[in-house]
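Presented below is the structure to which this report refers.
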Amino acid sequence: MGVYLAVLFSLLVIEMAILFILVLPLPQRMRRWLYIRYSIISTNKKFRTYMVGIMIFVGLLFIDSWKRSQIRVSTYRNQKNPYIINSVTPVDALASRAYNQRNVYISGFIIYFYICILTVMSILRRIVEWNDKMKAGDDILKEKLRRKQKYLEELQKKKF
């Protein structure tokens, strides 16, 4: 139980750190570097297989914990007959419910952050591509400006 919880927490912390770095206002060079690294990693078939497997396990944990945390809890004794056995939910059942609710929260946040990372990387890809197009457009515009300046100089020479 301790190892699997440590793995879940470490996965959650890693995802939070990645998302934090991605949303920082970094310079364009750093954004491009992050996007290139993400592209390299995401095209690796082994990595994608591992990530899909991990997310399937986390999703199954989420569903299982959700179902197990939906037990009916009774904290009061039966008023009509207070001597009925098991009229109050046992402490073990309450503890199990609390553990399952904790697992729902942790696995839900892992899934949520994974979706957020994919979304932010999509936005980052668009930003990097848009800036590359702008730079390419700048070069084209500079070349057009040079040609027009040459043409203007030629016209001025012809005038005199």
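Including glycine, each Cβ sits where the backbone N, Cα and C put it.
Annotation comment: Swiss-Prot describes 3-23 (among others) as transmembrane segment, evidence class sequence analysis.
The average per-residue pLDDT of the prediction over the topological domain 'Cytoplasmic' (24-45) is 93, rounded to a whole number. Summarising the annotation, Swiss-Prot assigns topological domain 'Cytoplasmic' to 24-45 (among others) and lists sequence analysis as the type of evidence.
Residues 8, 11, 100-101, 103-104, 107-108, 110-111, 114 of the same chain lie 6 or more positions beyond the ends of the transmembrane segment (46-66) yet place their CB under 8 Å from a CB of it. Marked as transmembrane segment by Swiss-Prot: 46-66 (among others).
If you look up Swiss-Prot, you'll see 67-103 marked as topological domain 'Lumenal', on the strength of sequence analysis.
Marked as transmembrane segment by Swiss-Prot: 104-124 (among others).
Within its own chain, the topological domain 'Cytoplasmic' (125-160) is flanked in space by residues 28, 31-32, 35, which lie at least six positions past its ends and keep a Cβ under 8 Å from the stretch. Here Swiss-Prot flags 125-160 (among others) as topological domain 'Cytoplasmic'.
The motif 'Di-lysine motif' annotation in Swiss-Prot covers 157-160.
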Counts by DSSP class (helix H/G/I, strand E/B, coil) across the topological domain 'Cytoplasmic' (125-160): 35 helix, 0 strand, 1 coil
Secondary structure content, the topological domain 'Cytoplasmic' (24-45) (per DSSP, counts of residues): 17 helix, 0 strand, 5 coil
Tertiary contacts of the topological domain 'Cytoplasmic' (24-45), as residues 6+ beyond its ends and Cβ separation under 8 Å: 121, 124-125, 127-128, 131
